[in-house]
Amino acid sequence: MKVIGLLFSFVFFAIKCKSETIEVYNDLIQKLEKLESLSVDGLELFQKSQVIINATQPTETIDPFTNHNFAQQVQDFVTKFEGLGFTEQTELVNLIKALTPNRYGVKYLIESKEEFNGLMHAINFYYDVLRDKLNDMCANNYCEIPEHLKISEEETEMLKKVILGYRKPIENIQDDIEKLEIYIERNKETVAALNALIAEETKKIQPEGNEDCNDASCDSDKYNKKKPIYQAMYNVIFYKKQLAEIQKVVEVLEKRVSTLKKNDAIKPLWQQIEVLNAAPVVTAETQIVTGGQSSTEPGSGGSSASGTSSSGQASAGTGVEQANTVASVTVTPSVGQNGEASTNPQTAQVQPVPTLTLEEKQKKIAGLYAQIKEIAKTIKFNLEGIFVDPIELEYFKKEKKKESCNLSTSSCKKNKASETIIPLTIRYPNGISYPLPENDVYNKIANNAAETTYGDLTHPDNTPLTGDLATNEQARKDLIKAIKKKIKAEEKKLETLKTNYDNKLTEFNQQKTPFKEAAKEFYESKFRNKLTSEIFEKFKTKRDEYMTKKTELNTCEYGNTKELINKLNKQLNYLQDYSLRKDIISNEIEYFSNKKKELQYNINRLAEAVQAKQNVLVASKDVPLSTLVELQIQKSLLTKQIEQLNKTEVSLNKAQLKDKLYVPKTYGNEGKPEPYYLIAVKKEVDRLAQFIPKIESMIAKEKERMEQGPAITGESEEVPSGPSAESSTDRSTQSSTSSSSSSSSTPAAAESSSATLPEAPAPAEAASPSTEASEETTIPPTTQETQPSQAASSTTPAKPVMTKLYYLEKLQKFLVFSYSCHKYVLLQNSTINKDALSKYALTSEEDKIRTLKRCSELDVLLAIQNNMPTMYSLYESIVDGLQNIYTELYEKEMMYHIYKLKDENPSIKSLLVKAGVIEPEPVAAPTPVTPAATEQQQQQATPDVQSDAPAPSDVSQQPETPVTSTTPEVTTSTEASSSAPGEGTPSGEAGASGTEGATASNAATPAGTSASGSAASNASTTSDVTPPAAAAAVPSTSTPAPAQPPAANSQSGNPDSGIRSRAESEEDMPADDFELDNLYKSYLQQIDGNNTEFINFIKSKKELIKALTPEKVNQLYLEIAHLKELSEHYYDRYSTYKLKLERLYNKHEQIQLTNRQIRDLSILKARLLKRKQTLNGVFYILNGYVNFFNKRREAEKQYVDNALKNTDMLLKYYKARTKYFTSEAVPLKTLSKASLDRESNYLKIEKFRAYSRLELRLKKNINLGKERISYVSGGLHHVFEEFKELIKDKDYTGKKNPDNAPEVTNAFEQYKELLPKGVTVSTPAVAVTTTLAADAPATPEGAVPGAVPGAVPGAVPGAVPGAVPGSGTDTRVAGSSVDDNEDDDIYQIASGQSEDAPEKDILSEFTNESLYVYTKRLGSTYKSLKKHMLREFSTIKEDMTNGLNNKSQKRNDFLEVLSHELDLFKDLSTNKYVIRNPYQLLDNDKKDKQIVNLKYATKGINEDIETTTDGIKFFNKMVELYNTQLAAVKEQIATIEAETNDTNKEEKKKYIPILEDLKGLYETVIGQAEEYSEELQNRLDNYKNEKAEFEILTKNLEKYIQIDEKLDEFVEHAENNKHIASIALNNLNKSGLVGEGESKKILAKMLNMDGMDLLGVDPKHVCVDTRDIPKNAGCFRDDNGTEEWRCLLGYKKGEGNTCVENNNPTCDINNGGCDPTASCQNAESTENSKKIICTCKEPTPNAYYEGVFCSSSSFMGLSILLIITLIVFNIF
């Protein structure tokens, strides 16, 4: 199907989030104001006489020799324009600036006028284009357009005609190849003519004679000579501008023609035209008719052409470049994918054309051209390439987009026209928050601005704020005083400023209307070329007055002062509120901090006990089972304690966030401006509203088509079109990916069966055969995890369902949900005027869809989520909302507790009296006797008040009482909350105050009631000391419904929630369940009665507190519960948005980093390829050294090949990494710390795999480096031996090849120990030279005598230019391209030795060229070998270091991924393990996995140890061999110094610089080798330590597994091991580390037994004093304290205190082992052995250890609470 592949890409053509920041708007306004000023000033300065129709000609022109002001005015004017940055006019501006200082130049400019007119044309053009841009930007009153910058419709239309009409001729012929070619040829002629004109004008420009004219010597003759030069300078600029435009046109049109001719459908048609043009023309009588063709038909091409034409017309609008396949039926019956013609031989064959008459020929050609034109219409032509000016190009794109909207079937234009435009100030009564620029957002995220700054808080004196403002109370008080002082000072000025402002505003408004009229008249007359001097002067006057008044109004301080006072008041209110709630927050932080310390202390004690037992068990051969049980219980408790610690850490983080001093942008009752993210959401809603009808229309047409044409099958539609719509897929690849991710993450419970299929595969399968862009889209692991689990098991066949209609319907469902969701988010959070917002009200169907899929802010499109400014707006809105919630929650909590305590606590009553809330009590009068009836009435009234605080037991006994018919609104709200709990809570509700506001809030927010209900449930069931929470639980029948009924309803769906909180102990209780009511109560009870701040707070709430009644208190409690839930909701959003922003920031950083890696690797690859080419060059080498250089060259070739392969691998890896980050999307709905950790692990594994592929070649390169060092070392040895021969005989010229072979062999043998294993040195032979010479070209002229006539490579990686291994100083490398930049040492290639320092000339003594020919050639060879040695030595060090580092990094990444399973045991705040050895807490499967992976890591360490050891051995051997050679060099120097013959000594001393240099080389290499060997030794020690740690950990894990296996055996035989469990419980109770109830719960869960079974030995019957209890025995403590141990059944007492197995137990002996009071019975067991059954009788009916002991007391003597706890634990 042609459309399906493009469907999901086309969907999001309009769904893109565009950020227009306030900076963009301000910059545009500033630029336009400058352009407006230049336009008016320029008309006055340059064009007055040209534009104004009745302008009087000046009596005399401006004379630059007498008028010195004009030149300065021009300079200032041009400088202002240059500052605007319009680069296309740079040459013209520079010309005017160059001519203005010269009086001749000024005179020319005045006379010519062309330069000024050109500049003014550009200014007016930019002014109009940018005014039009501002007009579009501020459409629908999105922003305000200043009066003097508005543009009329006439001007807009004219601008469109000028820019679009100028390119219209090209658009008219863009599909006609014939006309395009003619047009191209004509423009090429124009290009040639312009080039000739430019060359001609350039010749006229003479550099001489450009001096200025400043005296009387200036005359007209000199000016007449200069004028043609000035004119030529302008002409060159003018012609170049035209040339650039025409060349762009030619380039674009040639590309267009080439694209059309290469098209698979057009190509055969074009071939037919060429054949027809070349065919002869005859008369009609002689024409030949082809076989099988009617004589009346013009030809096969003609008939097929007509069919093709209609086919092309039918499919013209289906895609951007789909027409590549259309019309190919002319010669091919079918077309393959991507527009490639079928391989049928008939398709590639152009049939022979019959000879036609001229008329027939022309008609046939015209028909073919018509077909081509129809096909070309469907192939996209990008006209944007012809534009030179970017401002003009931007306008063209904008207008073309508008045209496409107007031409489409959508109602975008109609909707805009019919929409009632509401002014911006009315639409957004509180204004708009514009987004921050992206770079500012990145900086804020990098610096964690929300947590490291004080928000919108500044010191009134503009001094820096202290860093301890949150903790330093005095600093806050000082700041509050300073703010109050500043407010008073500013308010004093405000009245005067207000009067001044009103006066200036009145004056400005008075000038506004006259200016508008004058401006309208001016621009209209100028537009119609009817501008008169009167109109212009009037406009100038009114404009000057208007701009003056506008400037005065803008500079008025009233507005700024008022804003400053509002800001200061906001800061003051916040600081005062913060100071009030600071004590409560501090207490909360202290509570959770203490709880954390307590947990950490318990964890440390448990961890030490666990480790001690673990060590004992590891070291012991015989492990007591009771100790195993104790260990397992402690480990289980340790895990739970760590979980509890992390929960407490989360609660502590929440409390610390409350403690964060952060002044929001809006606070309290201040009007909140519309957040930018809601503006983005509104745009998406508007776009979806336009797009959904189009999809519905497509669905209707598709259904109609399927009904009309049932014969059309999916197979016919599977024939894909030509090259797919690359433009649409490129625009929306990420959006389509995001659509699938978003849609797949929203379950549709009520959809049809087809709707349950995953959304993601649909676009992927559809787009894969047609677009490259979609193939490159990578779906990350985090996105894959959002797919429904049932996707893989779907039974619906894929092919029958994958139809165009199926796709359209799925798309429509997703868009409808997205539309409903975005509308809901907008409705819940927007501050838009109600009338404007009513347009977006949800229909009943939309609300149903939204409710079923539980829409929230997390469902916004990825285009919004992945936009940094928009996402930061979401985050900032949540941060501000949290601060408001914290304050409101404090106020309501305080009022609630004040009301509750006012009658109980005298100090509270005293505070209320001081604040004037209640009247002081009158003096007590004698109490009269109360009649019985009155007392009875009081008793009846008392429950109405006291029922607000019932006992927890009362609550549990009356769960259904509040659910009555008197509370329908609450019940309804509760039912609604079940569908969307807390997802769409409006942020504005957090600011509601008062009971009336809360009622409205709860009515609008279903989640509020459910949230408060759960809070009340927790309050009433978790603690006996929470009267405030329980107070509203059971109200009187006359009160509104409290929080309890929703809690009851919510518990019915999840019975765990209420019961578990009762059953758990305080240690096991989640930290979040701790009720903070006691903090408020304690604070109020301890507050100082003279606390003026708190008294002022009570005064501010005086009326609200007075109005409180029991009913309103219940309502207040509901509001508090709702705010608590809302704060949790906001905190979750805060954490998620923060993670998202950090994710986007890290993604941005990773993309930049990876791009740098790709750039560096690309440079490295280019240099390696260049080096590879160099290695194949031609070199001339001194005879006798061919083998050294040849072997080194061969090793170098392999080295470069390996490096290239590794570089290609790394490039592939980093490109895939970049692709992953750019295409991957992390939806908010699935974003979490865990998902980011999984992503991080995925990336580490990918890096691990990439590095693993490099290892083998890195190892090979190290070995190749050893080879090269060995060969170069041999060459140096041979050089030294040759110099020794020269010292003996200065006439020595070297040995011939046969005689030289043994010496070469000896040189190789000297350093063969440096070769890697498996590499041997082949003995050089005479044939070596012969072979080289055979393949070599003839020795070129000028070759040095004695050189080997062969091409012997000698270049190395990093060879320095000039370092030529030749046979003489004049010998050069032939055909080499040596890389002269060797500083890039990325991964494989090491940098060479720095050659910046000047090199000492060691051959300076040998001045006679003819006498020392061989010496100088040998010296050059030595220089080359020396450079090779230094470079090879540096390279092998770098390769070895990089190889070891890569493996270490790979191993570390592997271990980090491995340790991910231990994250549960990390402290959230420090990211460190809570205990030292977290491995012991893993289960067996994970331990096995850890062992396998640790063994793999150990294997890697062994390889590193082997590599390092081999490296140490190599460098030590290198030092040893070089020391021997160094000693020989020193000896030779000493021999020369000791020479007695003066003549010989002077001759030999010439060689001392060479020998000293060789000595220095050896000393340098030896020193560096020893240093690196020591470094490798340190690495080796570290590797051994690391290996030892891994081995110890592996052994410990194996021991842990053995212990766990024994424990598993114990669990399997739990029924027989109850006594062991009892012993373990007893020991644990004695230790004090584990509570009695806690240990039994853990043991019950571990043994999978009923908790009561573990009470076989009650704690009071557990032995305390008896220590030496043998194995297979049980100990019992009587009620009187007597302790006794007895052997268990099946065992008997042996020698000493032991119990041995009893193979034949009988009741006759020792009562069979039963208690003496018990009855004993013999029974046959399944193993044909006897078994004893003991039965305890009254008065001791309770059996212990299967009747070995009998007692009168049983488990029923235990605490009833413990029994209930165990029962509940086993049930749930």
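Cβ coordinates are placed from backbone N, Cα and C, and glycine is handled just like the others.
Under the heading N-linked glycosylation site, Swiss-Prot lists ASN54 (among others), citing sequence analysis as support.
Feature annotation from Swiss-Prot assigns region 'Disordered' to 290-319 (among others).
The compositional bias 'Low complexity' feature in Swiss-Prot is assigned to 305-319 (among others).
According to Swiss-Prot, the feature N-linked glycosylation site maps to ASN406 (among others).
For ASN646 (among others), the entry in Swiss-Prot reads N-linked glycosylation site. Note on ASN646 (N-linked glycosylation site): other Cβ atoms within 10 Å of its Cβ, all shown chains, come to 19.
Residues annotated as region 'Disordered' in Swiss-Prot: 703-796 (among others).
Annotation comment: Swiss-Prot describes 724-796 (among others) as compositional bias 'Low complexity'.
Taken from Swiss-Prot, the feature N-linked glycosylation site covers ASN829 (among others).
For 924-1070 (among others), the entry in Swiss-Prot reads region 'Disordered'.
What Swiss-Prot records for 930-946 (among others) is compositional bias 'Low complexity'.
The compositional bias 'Low complexity' feature in Swiss-Prot is assigned to 956-1052 (among others).
For ASN1018 (among others), the entry in Swiss-Prot reads N-linked glycosylation site.
Residues annotated as N-linked glycosylation site in Swiss-Prot, with sequence analysis given as evidence: ASN1090 (among others). In this view, ASN1090 (N-linked glycosylation site) is surrounded by 9 other Cβ atoms within 10 Å of its Cβ, with every protein chain counted. Under the three-state DSSP scheme, ASN1090 (N-linked glycosylation site) falls in the coil class.
Annotated region 'Disordered' per Swiss-Prot: 1362-1383 (among others), in sequence order.
What Swiss-Prot lists as N-linked glycosylation site is ASN1408 (among others), and the listing cites sequence analysis.
The N-linked glycosylation site annotation in Swiss-Prot covers ASN1446 (among others) and rests on sequence analysis.
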By CA distance, which of the recorded positions (ASN1446, CYS1675, CYS1736) lies nearest to ASN646 (N-linked glycosylation site)? ASN1446
Rounded to the nearest angstrom, how far is the Cα of ASN1090 (N-linked glycosylation site) from the Cα of CYS1714 (disulfide bond)? 76
Give me the Cα-Cα distance between ASN1090 (N-linked glycosylation site) and ASN829 (N-linked glycosylation site), rounded to a whole Å. 42
Which numbers of helix, strand and coil residues does DSSP report for the domain 'EGF-like 2' (1704-1752)? 7 helix, 18 strand, 24 coil
When you tally the Cβ atoms that lie within 10 Å of each candidate's Cβ, which of the glycosylation sites (ASN829, ASN1680) has the highest tally? ASN829
Whole-number answer please: how many Å between the C-alpha atoms of CYS1736 (disulfide bond) and SER1751 (GPI-anchor amidated serine)? 8
The rounded CA-CA distance in Å from CYS1734 (disulfide bond) to CYS1720 (disulfide bond) is 5
Among the recorded positions ASN829, ASN1446, CYS1687, CYS1699, report those whose Cα falls within 10 Å of that of CYS1675 (disulfide bond); none is a fine answer. CYS1687
Neighbour count (Cβ, 10 Å) for CYS1734 (disulfide bond): 22
DSSP residue counts for the domain 'EGF-like 1' (1661-1703), split into helix, strand and coil: 1 helix, 16 strand, 26 coil
Whole-Å Cα distance, ASN829 (N-linked glycosylation site) to CYS1750 (disulfide bond), is 72
With every protein chain in view, how many other Cβ atoms are within 10 Å of the Cβ of SER1751 (GPI-anchor amidated serine)? 21
Round to the nearest Å and give the CA-to-CA distance linking ASN1680 (N-linked glycosylation site) with SER1751 (GPI-anchor amidated serine). 12
Quick one, of the disulfide-bonded residues CYS1699, CYS1707, CYS1750, which Cβ has the fewest other Cβ within 10 Å? CYS1707
Proximal but sequence-remote residues of the same chain as CYS1720 (disulfide bond) (Cβ under 8 Å, at least 6 apart): CYS1707, ASN1711, GLY1712, CYS1714, ILE1732, ILE1733, CYS1734
Do you know offhand how many angstrom separate ASN1446 (N-linked glycosylation site) and CYS1750 (disulfide bond) by C-alpha? 70
